[in-house]
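Working notes, structure below.
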Amino acid sequence: MVNRTATRCDLMLFGALGDLAQRKLFPALYQLERAGLLAPGSRILAIARTEAGTDKVKEQLLEKLRKHVKSEEFDPDIAQAFLQRVEYQRLDFNDPEGYQALRDWRDEPDNQLIVYMATPPSMYGVIARNLEATRCCNERTRVVVEKPIGHDLETSRVINDELGQVYNENQIFRIDHYLGKETVQNLIALRFANNLFASQWDQNHISHVEITVAESVGIEGRWGYFDKAGQIRDMIQNHLLQLLCLIAMDPPADLSADSIRDEKVKVLKALKQITPELMGSHVVRGQYTAGTSGGQPVPGYLEEEGANKGSETETFVALKAEIDNWRWSGVPFYIRTGKRLPEKLSQIIIHFKPAPHYIFDPDQKHLANNKLIIRLQPDEGMSLKILTKDQGLDKGMRLRQGPLELTFSETFETDRIPDAYERLLWEVMKGNQYLFVRRDEVEYAWRWVDQVIANWHDSGEPPKRYAAGTWGPVASIAMITRDGRSWYEDA
Ligand code: BG6
């Protein structure tokens, strides 16, 4: 049963004409409307710097909804009803006087105010201060901010401090959109609702874990942003470390935001430092050169539009992370992520240790590890690879590895899996923080990532090249092969 307890909201959406808002946020809000989850009387104030009237902006929004909502899910009547809620306000975010218009818009003070900053993080502080100075917000206001929270630990602290001067931590909803993906939340259900796995989830039973988040796209016109960040800041610091935490954390006492976040922080604190001596065996950074994607030739990173030809920014990272605690001692977490890889694929593979005593054909021993494959996207589901006897009189006790398969769309006949932003916006409306990142999580994640970046700088080594359309530099394969293992798709 859907809990339809979200109250009437006033949503102030800063950066409303930007790419994120148009591609993700408005379509997600439209879907909430379609699902009947936007309470009657909820309103949206679209705020941006562009001079434009509400009607013009609504026309543009309608066009973008048509583009970004699947045609079978687009209903013009629902879209019109949704747009009724929207007004547009032009604002120079730096101009305190302009915020009076926002205050005037708040003529229903009982509506829950949500401030969504879909802006560069450098604007968070100024927006927060100006809202406070105009008395637009109070201790009930919820504020939503996007990654990247800073460029490193120090800058993230500045941003968090600026927000903290105006809002309490329980008012701040830091988005990591991976936490809004249904299958990512399913990790919590899988781990803590099934005793079968609970008793197997440690170094006694698991040999290693793989986490892959591969993208087939390149930089998509975002060179300016991406080149300053690179794949480690753009993906590892947030999405991949969050996945690692959900796999590695201890069972929380309950499903409350702080119980879950306390456990995630313990994992981040226990991540072993990757010292300069370990860099060669534990980290690979790569940058794509020209190659193919979907059968078409594509340019290399340095030939993308707007590229600085001398850039040494990485578009691929593979890491061997280790967690220094009782549960995970000696269990490597191989994580990798990259742009322009052969396919879009996010998956986690838990490799279980073989049975303690093996009695079958010695030449089949390599099959002896069970694997749990958790597919986050596409084709969301899980597959447990188990060993059975091969069928037939002539097969003796030959083994065969086969899947116990759970594909969510087929098994549960779900007609659609909601986009992460639908879930996250809905949770903000309900005031539930468990899918959002707490300040200390952000900062511990930076602390770990910062030392890897510092080691890269000190070594002066350029990223290793890989052709677009391949699985990254060969060094990434070598990294795992040295440990006698292989990435799953190479297995
Ligand atoms: C974003 C990154 O956070 O996540 C992008 O900034 C990346 O570079 C995107 O493409 C991937 O998200 P998803 O949901 O498509 O896997």
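Placement of Cβ uses the backbone N, Cα and C atoms for every residue, glycine included.
When TrEMBL records HIS177, LYS181, ASP234, LYS339, LYS344 as binding substrate, the matching candidate from GLU154, GLU210, GLU215, GLU322 it lists for that site is GLU215. NADP(+) binding, as stated in TrEMBL, involves ASP92, PHE93, LYS147; the candidate among ARG43, ARG49, ARG66, ARG191 given for that site is ARG49. Ranking the binding-site residues ASP92, GLU215, ASP234 by the number of CB atoms within 10 A of their own CB puts ASP234 at the top. A straight line from the CA of LYS147 (NADP(+) binding site) to the CA of LYS339 (substrate binding site) spans 18 Å.
Summarising model confidence by region, the domain 'Glucose-6-phosphate dehydrogenase NAD-binding' (13-186) averages a pLDDT of 94.
For ligand 1, there are no nearby binding-site residues; that is, of ASP92, PHE93, LYS181, LYS344, none has a C-beta under 6 Å from one of its atoms. The record assigns HIS177, LYS181, GLU215, ASP234, LYS339, LYS344 to the substrate binding site, and the maximum Cα to Cα distance across that set is 20 Å.
Under DSSP, HIS239 (active site, proton acceptor) is assigned to a helix (H, G or I) in the three-state scheme.
The binding residues for NADP(+) are recorded as ARG49, ASP92, PHE93, LYS147; their greatest pairwise CA distance is 22 Å.
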